[in-house]
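Here the structure comes first, spelled out in structure tokens, and everything after it is commentary.
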Amino acid sequence: MCQDCGCSITHDHHDHSLKTNPQLNDKKTLSVIHKILSKNDLEAQHNRNHFNQHQVTAFNIMSSPGSGKTTLLEHLCQYSNLRYAVIEGDLETSRDADRLIAKGILAYQIQTGSACHLDAFMVHGALHHIKLDELDICFVENVGNLVCPASYDVGTHKNIVLLSVPEGDDKIEKYPVMFRKADVVVITKTDLLPYFDFNLEHAKAELYKLNPHVDLIELSVKDAATFNPLVNWLATAHDNNLTANIQEA
Amino acid sequence: MHEYSIVMALIEQCEALAKQHQAIAVERVDIKVGILSGVEPSLLAQAFNTFKLDGICAKASLDMHIQPLVLQCNHCNTRSEQMHRVVLCPDCNSADTRVVDGEDMMLMQLEMDT
Ligand SMILES: Nc1nc2c(ncn2[C@@H]2O[C@H](COP(=O)(O)OP(=O)(O)OP(=O)(O)O)[C@@H](O)[C@H]2O)c(=O)[nH]1
Ligand SMILES: [Mg+2]
Ligand SMILES: [Zn+2]
Ligand SMILES: [Zn+2]
């Protein structure tokens, strides 16, 4: 039951079989097989139900600090017709939300929580402050971190992972879980390729071993044309999500 | 250090199960940690030993099974296990595989004193 909105979601029930351990009379061994983050996963599904009710497709944007998440979101509105809002996970300051609001983009700052990742409960709190009816898509800008956010489903539909050219092409091997979770990897700051030894082919090869079917997009905010592939990818993801939604209903 | 919040969720689960089965203590917690689950086993153990202290798990030991990747190849139909973080079929190199195990963190078993 959702305290903020009163909506209820069905909890799946697990069968716990209590077996008495034959060797030890007073000890009992309980077989469980329970996802450790099941509570978060349930809340994440609840968030997705919220988005679905409003035909909104949600994207979790993850990367290292400074890879260009906020910058991308600041610029995207010039190129995409999709109406969007941003749930901002920069927990220490309201800088990123302020930057977006200054550009006329709807942004809501998550206030509570630990600083290394967002979870589904934090995102849920923010959801009730956003008018989903007026949106096509919604972004969650996660905390800048390539490790912790990868373990948490926050209730979005797709994961966007950014890797900026100055970080180096070895980050895919170093942070495999994050790159495995990606639905699209955006190589950002490609205007800097001439100045760094970033090998795009090597990045692609490493990504193929971990996540063979992932989409890969190159982007530079200095070059308007590079926004086309991302804009198209978002539009397709949104269309596909709406279709899946209709089929489920 | 998301291992701390993962351990909090784990201990919460153990406490609920112990209560449900009228246990006075949890003696052993068995978990499965996939090599692509995104947690560092040593950090998880450290977090468990810190957080268990003021609850029903205070004396519990944590038994971690590190789960390799289990891949089912749709091309050559082989099922394989590997410790490398690569999802290509080691037999035929196909990318058309399904990850059957190795990406989750699961609570598997609890030994309780009732
Ligand atoms: N040259 C170049 N610089 C860029 C590009 N995109 C972003 N930057 C710069 O990279 C820096 C960091 O960008 P942000 O958008 O704040 O990065 P972020 O991922 O939101 O960072 P956190 O929220 O702190 O994790 C800023 O100085 C941007 O101007 C790009 O395409 N090219
Ligand atoms: Mg930012
Ligand atoms: Zn709700
Ligand atoms: Zn094969």
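Keep in mind that glycine also has a Cβ here, set from the backbone N, Cα and C atoms.
According to TrEMBL, the features are:
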BINDING   B:His2  Ni(2+) binding site
BINDING   B:Cys73, B:Cys76, B:Cys89, B:Cys92  Zn(2+) binding site
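Structural mapping of features recorded in TrEMBL.
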residue	record	CB count, 10 Å
B:His2	Ni(2+) binding site	24
B:Cys73	Zn(2+) binding site	20
B:Cys76	Zn(2+) binding site	13
B:Cys89	Zn(2+) binding site	22
B:Cys92	Zn(2+) binding site	13
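Other than B:Cys73, B:Cys76, B:Cys89, B:Cys92, the residues of this chain whose Cβ falls within 8 Å of the Cβ centroid of the Zn(2+) site are, in sequence order, B:Asn74, B:His75, B:Asn77, B:Thr78, B:Ser80, B:Pro90, B:Asp91, B:Asn93, B:Ser94, B:Asp96, B:Thr97.
The subset of binding-site residues B:His2, B:Cys89, B:Cys92 lying near chain A, with Cβ atoms under 8 Å apart, consists of B:His2. The separation of B:His2 (Ni(2+) binding site) from B:Cys76 (Zn(2+) binding site), Cα to Cα, is 38 Å. B:His2 (Ni(2+) binding site) sits 31 Å from B:Cys89 (Zn(2+) binding site), counting Cα to Cα.
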